[in-house]
């Protein structure tokens, strides 16, 4: 049956297949890169979802968004890389107007979902780290927020179906060879002006989101820096002796740097401010691995008359460890901004220059396509960031690998 179909092909079909193969060969490097994106992104984010959803059962409050982010990242890899592969392999044989519109919608929608998810996470981190005593996001509020961002992303990306579709064109400039590609068809529908307005709106949303996330994480980073600086100054200060107000013998503690006397008398307003800052720091539950049992404590004296109430104090590395998940999300957001910026620049260029792609050389087309899809790197690098920052995630991976070896 297959041989008969090949034999019965018209000369027009053979020419189209040949031209399509030549064009696809021209984009081989970009196609290989997209294939790597697809494999690593799907496998990595599937592993992340499984580990955080099924294996790590403790401290899910701080890790709440990670499984959802993994799903959106995997979806972005599947849709973004898959659609890019289809465009590269069928540059002049991509037929199907509804399919084309749907894929453009899903690509933009999945990208916007990931972006808004990072904004939602930034808000949650800000409230948790900078406003620990204020109202926090409950699990129900987080779930409703995720549903809302899915709907909002769909609303913002729906207009793209009016600006993209199947485009037929004469291949090689001849009338008897007709090619089909999937792309922006506003020059045929007369919607160029609306497309420009739409791209401007999307660019404004992107810049607003990036600015908001940056401001939120500046405050988060500032808080972490203050706590680290406070701990560093406390650790480097000379030892002092404190009299416990509850000690009926007047026993004096040695002021060891590894302990903190919660009920010690503050000598001045500066010490009071430091105590307030420390209390705010200790009250946060951003820590994922540390428990009271893990933290250094002063050994109690054998003398029962020593009734000083002693609690732990964090060292500088423990301060950074305490805010590790916040730092993780800051890095993920930074990678997203760096990888999405080239696409944003090209989108603006498309909106302002109708002949942007037609005016590029072959090498410039390859480079532009690479940077246009460079945002997918953000989706595939996140699993590696989880492994670098979350020791629990790394431990679970090692457990699974050891079981697999056995």
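From the backbone N, Cα and C atoms, a Cβ is placed for every residue, glycine too.
Checked against TrEMBL, the range among 11-31, 32-52 recorded as transmembrane segment is 32-52.
Confidence across the domain 'G-protein coupled receptors family 1 profile' (44-386), taken as the mean pLDDT and rounded to a whole number, stands at 74.
Stretch with the largest number of CB pairs closer than 8 A to the transmembrane segment (327-349), among 32-52, 102-123, 144-163: 102-123. Against the transmembrane segment (369-389), stretch 102-123 shows more Cβ pairs under 8 Å than any other of 102-123, 144-163, 197-220.
Long-range contacts of the transmembrane segment (32-52) within its own chain (CB-CB distance under 8 A, at least 6 residues past either end) are made by residues 63, 66-67, 70-71, 73-74, 76-78, 80-82, 84-85, 88, 370, 373, 376-377, 379-380, 382-384, 386, 393, 396-397, 400.
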